[in-house]
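Here Swiss-Prot flags 131 as active site, proton donor/acceptor, drawing on sequence analysis. Per Swiss-Prot, active site, schiff-base intermediate with substrate is recorded for 160. According to Swiss-Prot, the pyruvate binding site annotation covers 43, 200. Feature annotation from Swiss-Prot assigns site 'Part of a proton relay during catalysis' to 42, 105.
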């Protein structure tokens with residue numbers, strides 16, 4: 001995996017998934033050069049989708065994308081059997097890979113993680129992208145566990161690394177050849193400089209062209225040009241997490257007239273003071289017309 005993979009939002013309208021809006025957003029991203037899309041992850045509000053909605057969104061994304069870019073579907077869970085069912089379904093409807101978050105809340109041991117991911121890897125054929133995000137799961141996939149999984153299972157090929165500890169990233173890249181994608185927009189360039197391949201991005205939902213240019217420059221070793229784009233987008237990167245993701249990105253998309261719609265409880269609308277900051281950043285970037 002290499003390039004920019006937006007973690008896409010799930011647009012809602014009147015309490016239901018807005019599939020017309022979803023198709024419009026996908027076309028916009030693909031037209032602006034992204035390498036792939038990642039539906040039904042954290043940014044896609046997967047915790048508040050019903051199991052049927054989760055599967056339907058995956059199927060519709062595969063249909064709408066129609067082979068133009070990769071579709072890496074979020075199929076993780078803190079239940080191995082549920083993650084396995086979602087992953088098998090995603091494979092059956094034609095995804096190019098699955099994204100598996102570290103089990104959250106029940107906090108398995110590293111041995112439990114090996115068995116969890118191994119059980120799924122043995123049951124599907126499509127590539128698996130591990131997703132390490134300790135800030136949400138209260139659990140880190142240790143570098144030795146990542147190395148073990150990469151070497152033991154041929155279809156575990158990449159990791160979305162959202163642990164901001166660059167020592168961990170260095171240790172992983174030094175120990176094995178797994179593809180590392182940044183799980184934090186603002187750490188994209190540091191991770192690529194260490195040997196990473198790209199980013200699973202939130203900001204790319206609204207600035208895909210700029211993110212693709214930045215990552216392409218970085219992967220070509222043109223870090224001076226990449227840094228110019230990084231610092232241009234940096235204020236927006238920070239604001240995307242001024243409140244819980246995906247509240248800021250969905251708010252920004254609504255401001256820009258893009259299909260986004262409401263959030264599902266327990267997530268709710270952004271505080272007015274933060275909306276003003278976000279609007280100013282969008283204005284400064286020339287995104288608001």
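From the backbone N, Cα and C atoms, a Cβ is placed for every residue, glycine too.
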Comparing local Cβ density (other Cβ atoms within 10 Å) for the recorded positions 42, 105, 131 points to 131
Residue 200 (pyruvate binding site) -> DSSP, reduced to three states, gives strand
Expressed in Å to no decimal places, the gap between the Cα atoms of the residue listed as 'active site, proton donor/acceptor' and residue 43 (pyruvate binding site) is 13
Same chain, |i - j| six or more, Cβ under 8 Å of residue 43 (pyruvate binding site); the result in sequence order is 7, 8, 9, 202, 205, 245, 246, 249
With the fewest other Cβ atoms within 10 Å, the residue among the recorded positions 160, 200 is 160
For residue 200 (pyruvate binding site), the spatially nearest of the recorded positions 42, 105, 160, using Cα atoms, is 160
